[in-house]
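S.K.: TrEMBL lists these features:
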{"type": "DOMAIN", "residues": "40-337", "note": "domain 'Sugar phosphate transporter'"}
{"type": "TRANSMEM", "residues": "41-62", "note": "transmembrane segment"}
{"type": "TRANSMEM", "residues": "74-92", "note": "transmembrane segment"}
{"type": "TRANSMEM", "residues": "113-130", "note": "transmembrane segment"}
{"type": "TRANSMEM", "residues": "142-161", "note": "transmembrane segment"}
{"type": "TRANSMEM", "residues": "168-185", "note": "transmembrane segment"}
{"type": "TRANSMEM", "residues": "197-215", "note": "transmembrane segment"}
{"type": "TRANSMEM", "residues": "236-258", "note": "transmembrane segment"}
{"type": "TRANSMEM", "residues": "264-285", "note": "transmembrane segment"}
Amino acid sequence: MNRASLKRSKILHMALMGTSDPSGEAEASHEKPFVLRALQIALVVSLYWVTSISMVFLNKYLLDSPSLRLDTPIFVTFYQCLVTALLCKGLSSLATCCPGTMDFPTLRLDLRVARSILPLSVVFIGMITFNNLCLKYVGVAFYNVGRSLTTVFNVLLSYLLLKQTTSFYALLACSIIIGGFWLGVDQEGAEGTLSWTGTLFGVLASLCVSLNAIYTKKVLPAVDGSIWRLTFYNNINACVLFLPLLLLLGELPALYNFPQLGSAHFWGMMTLGGLFGFAIGYVTGLQIKFTSPLTHNVSGTAKACAQTVLAVLYYEETKSFLWWMSNMMVLGGSSAYTWVRGWEMKKIQEEPRPKEEEKSNVEV
């Protein structure tokens, strides 16, 4: 029973950390029939797609709906962080009160840990805020192109901060992404729907996503490598830091004068947005667990394509051939970069190390 418990904890840890265990996957594939495993993968991928796409459309409604007319993007982001923090604490309490029902770490607020994570929390706030502001000012159809430079910033920051070089083929994939981004901006301008403010927020969101990944690796030891603890502290810090922003930007008076402030529908949609924000982290871990990090990236790219098509159909928009080409360039460049990096990592793992073996033989 202890072995089974340890195995479940190990699998969940790998899922949340975005790593895979080949031996574990192989063992699981032998234990379960192919049809059952294929059905599980299909259900998990579908759950990821539905959660991610629903979250984008719901946030667009909360941030820029003509029927809602709520101009408080910082408050919407603050409330989603609050819901996530409360959910983390609630699940932690449930796991403590009813051991064995679920696997969730114990969460206790430690001010020293909160302070050590503060630099990451600032980047985290920038990431979620700029994401929402980008979505507020641009259409859902252009949203993926508007914040498509994350991969480019990953390469740039890896070189500037970590002194890591990138292969020619990976740089070529990045150039395709940049070309698709500029073509998309040009086509949005030609159609008269370009928002330079939204595009700028999209670029800043891409930068913050890259910085978030780098800082996350640095601060994970402070929370014992637990993604859930990091999520809890990040959202607690964000709630505190958002309060002065709400005052400075004058969103509290705007919220006070909001006609639907007492509407159950409004608070239900706000809470649902927070639930989706919490759930996306969990379903991302599930997808990685049942597939692999590489397959997760491919699934994310395909999801972005489906989301763009759905947005064009839902909002009854008409797009030019070059506009669609810009999306294909962004998605194709992202897929190519993922494939190249996966191929390079596989090649490194398969390379023999004869020099070390010879050295050990000489020493013996």
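Placement of Cβ uses the backbone N, Cα and C atoms for every residue, glycine included.
Bear in mind that TrEMBL entries carry predicted annotations, made automatically and left uncurated.
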S.K.: Take a look at 113-130, 142-161, 168-185, 236-258, 264-285 and tell me which one has the most Cβ pairs under 8 Å to the transmembrane segment (41-62).
M.R.: 264-285
S.K.: Grab the same-chain neighbours of the transmembrane segment (142-161) for me: Cβ-Cβ under 8 Å, and only residues 6 or more beyond its ends, written as numbers and ranges.
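M.R.: Residues 56, 131, 134-135, 170-171, 173-174, 177-178, 180-181, 184-185, 188, 193, 198-199, 201-203, 205-207, 209-211, 213-214, 304, 307-308, 311, 326-327, 330-331, 333-334, 337 contact the transmembrane segment (142-161) from elsewhere in the chain.
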